[in-house]
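Annotated Zn(2+) binding site per Swiss-Prot: 78, 237, 241, in sequence order, evidence recorded as sequence analysis. What Swiss-Prot lists as active site, proton donor is 264, and the listing cites sequence analysis.
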């Protein structure tokens, strides 16, 4: 049986909030069977839990925020991507502020931290959401589409007319597994244009942004001295974001995802469109690991 998984032990770390620029504590806590992914604001008294649910997402500036009432947890997509990449079903993510720390702008540090906690199988079948027919979300020329597929394939295309974005590196395809995610996707960093930074900081946004946690792009190219980690790092990061956004459906998805210039808002709309019609999907489990179309890292 393909089983649900959580962590073996608590892991604690800290980092800088992208928008606040302040230190944020983050703790990963093992959770119970069918508990799902839950974000917990421990800076509040009493602490407030917000489940990682697509219907609780509100888009802020270039990130996904979970919101309940007037309480939010922002910039969740990179840690959600790491959680999905390792196939973790049940986890409590404690944060000491209204946003998850940005770390280095990728999912890599979260992969490292979660692996420090160790993966533990739980005595319950892992649930998957199998897409049964095409579902799409469209905004202007942007699109996000699910199609039936025996696995989880992500195809993404960005479209930037800019010297830093070589045309041959604006599309990428990933057949999702823990191995491909960790080695081909998780280290891809977020990116932004230097010309936007002064405006953002003047409006109390991106106060924690730096070349230590993002790829900076000016009028001619990449500003970071070390350059890119991959020739197609920009589009790989969009795939990273999509993996995190799509995991808000509650379970690993079995489908093909095609994104063209898609972002957090459109990815979320796609999930809402899936949920709007129960005939779009079914919940499946696998009694034999050989039948599972998505390979995960083994739990030892």
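Placement of Cβ uses the backbone N, Cα and C atoms for every residue, glycine included.
The residues near the Zn(2+) site, meaning same-chain residues not in 78, 237, 241 whose C-beta sits within 8 angstroms of the mean position of the site's C-beta atoms, are 77, 81, 105, 106, 107, 188, 189, 190, 238, 239, 240, 244, in sequence order. The recorded positions under consideration are 78, 264. Their Cβ neighbour counts within 10 Å are lowest for 264.
In this view, residue 237 (Zn(2+) binding site) is surrounded by 28 other Cβ atoms within 10 Å of its Cβ, with every protein chain counted.
Taking Cβ-Cβ distances under 8 Å and a sequence separation of 6 or more, the neighbours of residue 241 (Zn(2+) binding site) in its chain are 77, 78, 81, 263, 264, 267.
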